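Colleague: So Swiss-Prot lists these for the protein:
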BINDING   15, 17, 210  Mg(2+) 1 binding site
ACT_SITE  15  active site, nucleophile
ACT_SITE  17  active site, proton donor/acceptor
BINDING   24, 126, 137, 144, 182, 184  alpha-D-mannose 1-phosphate binding site
BINDING   222, 227  Mg(2+) 2 binding site
């Protein structure tokens, strides 16, 4: 019965961190079960800033078949029905010389940054973006939580973004603060709206995300004319909103 009611023209599209899972945590069995139920009614997709490996760590190894669409790196790597349907490369787009200039400057900036602790993996190069973390991505969860609180008071990431934006204005880059400890850097237009080019068949796209404010990594897709945007505060809130929108009968 449920499958027959499915509205193929409607897509529910979800951010990962803070929307389907707690930040950098694994999805709960309850959320997986709810998503399965939701898929009986509407088409379901996820779009995350992280690469597919990290999204799989959070949503499970079968993620590309658990959802109709999986967009990693904001959709620069796109899967539909478990199959790869598109990729885009930052290296090809910017070239090695400009990449090296950006990475060198960023590492020098972090080296001179006075913050309580630093760990490792300050820059992570992905196929479609660069992720920059002033504290370093391999800090512990406790250190992540502490840095997030420190950053809210001292604006470490916003200040760093401001410097980089001015220094590299000629590259037309977007800087998007997301998660607890880092920010993403990518060419303008390579934000989460990038995935919408694969979704033209849908008459209604509902997007759910927690960082929908200006500067947050859900902002552009939340504001897009192509989507109906919903701001969520937690995975539980996501479930409640979806129930009232899609499963209210």
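Think of each number as a place in line: the chain as shown, counted from 1.
The backbone N, Cα and C atoms fix where each Cβ goes, glycine too.
I'm curious about the neighbourhood of these features; can you describe it?
Modeller: Around the Cβ of residue 17 (Mg(2+) 1 binding site), the number of neighbouring Cβ atoms within 10 Å comes to 24. Taken residue by residue with DSSP, residue 17 (Mg(2+) 1 binding site) is part of a strand.
In the three-state DSSP scheme, residue 182 (alpha-D-mannose 1-phosphate binding site) is classed as strand. Cβ neighbour count for residue 182 (alpha-D-mannose 1-phosphate binding site) (all protein chains, 10 Å cutoff from its Cβ): 24.
DSSP assigns residue 222 (Mg(2+) 2 binding site) to a helical segment in the three-state reduction. When Cβ atoms from all protein chains are considered, those within 10 Å of residue 222 (Mg(2+) 2 binding site) total 22, not counting its own.
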Colleague: Between the two most separated Cα atoms in 24, 126, 137, 144, 182, 184, the residues recorded as binding alpha-D-mannose 1-phosphate, what distance in Å do you get?
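Modeller: Per the listed residues, the maximum Cα distance equals 21 Å.
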Colleague: Name them in sequence order: residues not among 15, 17, 210 whose Cβ is within 8 Å of the mean position of the Cβ atoms defining the Mg(2+) 1 site.
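Modeller: Here the non-site neighbours turn out to be 16, 18, 19, 20, 23, 48, 178, 209, 211, 217, 218, 232.
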Colleague: Could you check which of these binding-site residues, 24, 126, 227, sit within 10 Å of residue 17 (Mg(2+) 1 binding site), going Cα to Cα?
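Modeller: Taking 24, 126, 227 one by one, the ones whose Cα falls within 10 Å of residue 17 (Mg(2+) 1 binding site) are 24.
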Colleague: Cα of residue 210 (Mg(2+) 1 binding site) to Cα of residue 126 (alpha-D-mannose 1-phosphate binding site): how many Å, rounded?
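Modeller: Given the Cα positions, residue 210 (Mg(2+) 1 binding site) is 23 Å from residue 126 (alpha-D-mannose 1-phosphate binding site).
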Colleague: Given residue 227 (Mg(2+) 2 binding site) and residue 184 (alpha-D-mannose 1-phosphate binding site), what distance in Å do their CA atoms have, once rounded to a whole number?
Modeller: 22
Colleague: Find, for the listed binding-site residues 15, 184, 210, the residue with the lowest Cβ contact count at a 10 Å cut-off, counting only other Cβ atoms.
Modeller: 210
